[in-house]
Amino acid sequence: MCQPDTRYLSSPNFIATALHSFTFVEVPVMIYGAYCILFRTPNTMKSVKGLMLSLHIFSTMFDMVICVLGVPYILWPVPAGYFLGLVDAPALLVYCGATLLAAITANVLALYENRYYTLFGRKTRWAKLRKPLMSLVYLLVPLFMIPPVIAVPDQQYARALALAQIPCPPQFPYLNDHELFVISLDGSVFLGSIVVSSVLQTVLITLFFSLTFYNLIWGNARKFISARTMKIQKNFAIALTIQSNFMLTFMLAPVAAILLIIIMDYHDQTLNNFVFIVLSFHGVGATIVMILVHKPYREFTFYYLCNKGEKKWKTTGQFSTAPSLNVVF
């Protein structure tokens, strides 16, 4: 006999309340992060300022899609659910959310590629190949999710079929005037597009990460840059790695969880809700990590905003002391 899941953590009210509550934390944090990038980035980070800002903007947009515009209540392993946010356009929300994820990953890739090219790639073959190949990466970002959007099934037929695949489906055909939306009847096209995008970009990120650190630690970096510059670049590379790894973990871990849920054909609505809660945390979490690991932002936050060293900052633009955290730039 069907036993409906009546737990509050499994309810649409829980995920809607959680995601809306996150918005009140995310908005000021993301605005402050943008301010730091725009006005507290030193000249030594000038070459990556634009990339860091675009990464921050894409992350903010993704969080707003999840927490405000979309608010997904998805019924995995069935690729269907309700979108409880301000915008009642499920297909568009799915496309925007997945495309923004791909854009975030592409931007992380661009940051690592920029470090490699700036330090070691100017006189290599990559200098001639980078523009067409990186342009191709960016071109693919808005194209990855077109096949799933085109393949969206007839909703009246798909709803009945989708609900039949859940042992005990939720008892609300209409939720806050939003109808159940079926992304795909089997999920293969939708997940295939996400997997192809994630794997391609992750492989390229790993490649440029490895090349940069190899040259900085074991390669002939001293032939190209001074010892002081090499130390600065090592510190920045470490800080960037911490920031991007945090961001990618909070993106890829939920995607991996969704893949396992579908492969195992397992339905637990509480788990489904927490997958999207974790996913929505990546932007604000990555912003906090960015402020902590990059020295200019950290100094400004902990000294200037705490009214310590304010006079020193106003007169010289620098602080007399620095935090003891070793991962600095």
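Any Cβ shown, glycine's included, is placed from N, Cα and C.
Unlike curated records, TrEMBL annotations are generated automatically.
Taken from TrEMBL as is:
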- 14-39: transmembrane segment (TRANSMEM)
- 51-76: transmembrane segment (TRANSMEM)
- 92-112: transmembrane segment (TRANSMEM)
- 133-151: transmembrane segment (TRANSMEM)
- 189-216: transmembrane segment (TRANSMEM)
- 236-262: transmembrane segment (TRANSMEM)
- 274-293: transmembrane segment (TRANSMEM)
Recorded stretch that, among 133-151, 236-262, 274-293, has the most CB pairs under 8 Å to the transmembrane segment (51-76): 274-293
Other than its close neighbours in sequence, what residues sit by the transmembrane segment (92-112), given a CB gap under 8 Å and a spacing of at least six beyond its ends? 48, 51-52, 54-55, 58-59, 61-62, 65-66, 69-70, 72, 83, 85, 134, 137-138, 140-142, 144-146, 148-149, 183, 190, 193-194, 197-198, 201-202, 204-205, 208-209, 212, 240, 244, 247-248, 251, 255
